[in-house]
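A.B. asks: Okay, these came from Swiss-Prot:
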ACT_SITE  Lys282  active site
ACT_SITE  Arg356  active site
BINDING   Lys270, Asp275, Asp293, Glu354  Mn(2+) 2 binding site
BINDING   Asp275, Asp352, Glu354  Mn(2+) 1 binding site
Amino acid sequence: MEFSVKSGSPEKQRSACIVVGVFEPRRLSPIAEQLDKISDGYISALLRRGELEGKVGQTLLLHHVPNILSERILLIGCGKERELDERQYKQVIQKTINTLNDTGSMEAVCFLTELHVKGRNTYWKVRQAVETAKETLYTFDQLKSNKVEPRRPLRKMVFNVPTRRELTSGERAIQHGLAVSSGIKAAKDLGNMPPNICNAGYLASQARQLADAFSTNITTRVIGEQQMKELGMNAYLAVGAGSRNESLMSVMEYKGNPNPDAKPIVLVGKGLTFDAGGISIKPAEGMDEMKYDMCGAATVYGVMRVVAELNLPLNVIGVLAGCENMPGGSAYRPGDVLTTMSGQTVEVLNTDAEGRLVLCDTLTYVERFDPELVIDVATLTGACVIALGHHITGLMSNHNPLAHELIGASEQAGDRAWRLPMSDEYYEQLDSNFADMANIGGRPGGAITAACFLSRFTRKYSWAHLDIAGTAWRSGKAKGATGRPVALLSQFLLNRAGLNGDD
């Protein structure tokens, strides 16, 4: 789908469709008022008859409006004037895209980016419109033999901005929005792949393909089980021991900083391509969704694509910690004591608390890069879902400034995170009689104790942990990967690169 920006008056638009807003109760937006005046009161007469109230998401499609050059006008409800918030704005864009797609409009000029959204500028409105449009049109049908496509799909969207001086900001918003959307799509596609296709080897092949596509900036190397053994990554290896599929850690290194010696930002993604729970096997119901236990790795892959497409002036390393947790004669057991790469020992009390075992060795491995900071992304705990539901990602960190940066980026991107505490009392829940620590700390505060476990392997750098167990995928009728938190991390890196879109 093609996007562009322009600045012009609505009466001069010659398009398949013009999209304008209507407020409650039956109040025309400034652009709609201009169209109403040109059409000799045609639109306001319809509203007086009660055709459209103006509630958020209501639509009314008008054909061949008098004196209007465009074929159609789509009126869409935007709620109460000057009370339109970020969530409602995205709902309005989503409804607009679905309506245009369903009615066969192949192109449209959208004036919704001129609406007032509290605290948001033109860059934000255009970029969110692009990202929401791409999200709305996303489908995963690669594995279907019969692909159903719209009769006349929407192909072109033009966003109108109030003044010509905002054109540059709008164009930059489209560039950033398309790149972030590309990363989100890549993460969703990876997440939605079935585990018989998407194993650690598949993740490695995708990482290599990304390096091939952006060979100027990205190099990829893959570390297999033999090298992991030599490195002493015994916790990582234990998790994959029950699977026939080899555990593979894919390391993608992007160099975009003009100073090649600048310390890198390291992103680590949990890549459990299927998590049966191991010997502590999961219930059968819903186990199919454990293909999504690699959404942390999918996120990191998607973010690396965004970084490369935008050619950000940063050094970034993305690590996909690929593995599969299966029961079997060679699987690790409850009661085992593992010596991690760091030398610390872990008593295994539950083999279904495996993500932290893969991550702890990966977090030790990345010390060699002398990172500026490290962020891990993982579908780590059901406890985080209980705490924050499916709307907000859990954030924990050993570095306050980094945590504040991530929270700020999450608000900018509309991909929200919430910080949870990590005080000393939680660490005590991990005490073990037989090792330096246990791999679980009991039911209370499970998301926090999991982060406390990881923090014991991150003492040499600034670190943050994103628990995406509640936000990485949806269940039910809308089942599928969400691509979160690609938008959050992309915004964090855009901010770091000084490209945050503030005018």
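Even glycines carry a Cβ here, placed using N, Cα and C.
Show me how these features fit into the shown structure, please.
C.D. replies: DSSP gives Lys282 (active site) a coil state; it is part of no helix or strand.
The number of other CB atoms found within 10 A of the CB of Arg356 (active site), across every protein chain shown, is 26.
In this structure, Asp275 (Mn(2+) 2 binding site) is part of a beta strand by DSSP. Counted within 10 Å of its Cβ, the other Cβ atoms near Asp275 (Mn(2+) 2 binding site) come to 26, all protein chains included.
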A.B. asks: Have a look around Lys270 (Mn(2+) 2 binding site) and count the other CB atoms within 10 A of its CB, chains all included.
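C.D. replies: Counting Cβ neighbours of Lys270 (Mn(2+) 2 binding site) within 10 Å gives 30.
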A.B. asks: Out of Asp293, Asp352, Glu354, which of the binding-site residues has the smallest number of neighbouring Cβ atoms within 10 Å?
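C.D. replies: Per-residue Cβ counts within 10 Å for the binding-site residues Asp293, Asp352, Glu354 bottom out at Asp352.
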A.B. asks: Counting across all protein chains present, how many other Cβ atoms fall within 10 Å of the Cβ of Lys282 (active site)?
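C.D. replies: Counting Cβ neighbours of Lys282 (active site) within 10 Å gives 15.
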A.B. asks: Please give me the recorded positions out of Lys270, Asp275, Lys282, Asp293 that lie within 10 Å of Arg356 (active site), comparing Cα atoms only.
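C.D. replies: So the list is Lys270.
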A.B. asks: Tell me, by DSSP, whether Arg356 (active site) is helix, strand or coil?
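C.D. replies: The three-state answer is helix.
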A.B. asks: Which residues, in sequence order, are found in the same chain with Cβ within 8 Å of the centroid defined by the Cβ atoms of Lys270, Asp275, Asp293, Glu354 at the Mn(2+) 2 site, excluding those residues themselves?
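C.D. replies: For the Mn(2+) 2 site, the extra neighbours are Val239, Gly271, Leu272, Met290, Met294, Cys323, Asn325, Gly355, Val358, Ala378, Thr379.
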A.B. asks: Let me know the DSSP-derived helix, strand or coil state of Lys270 (Mn(2+) 2 binding site), please.
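C.D. replies: Assignment for Lys270 (Mn(2+) 2 binding site) reads strand.
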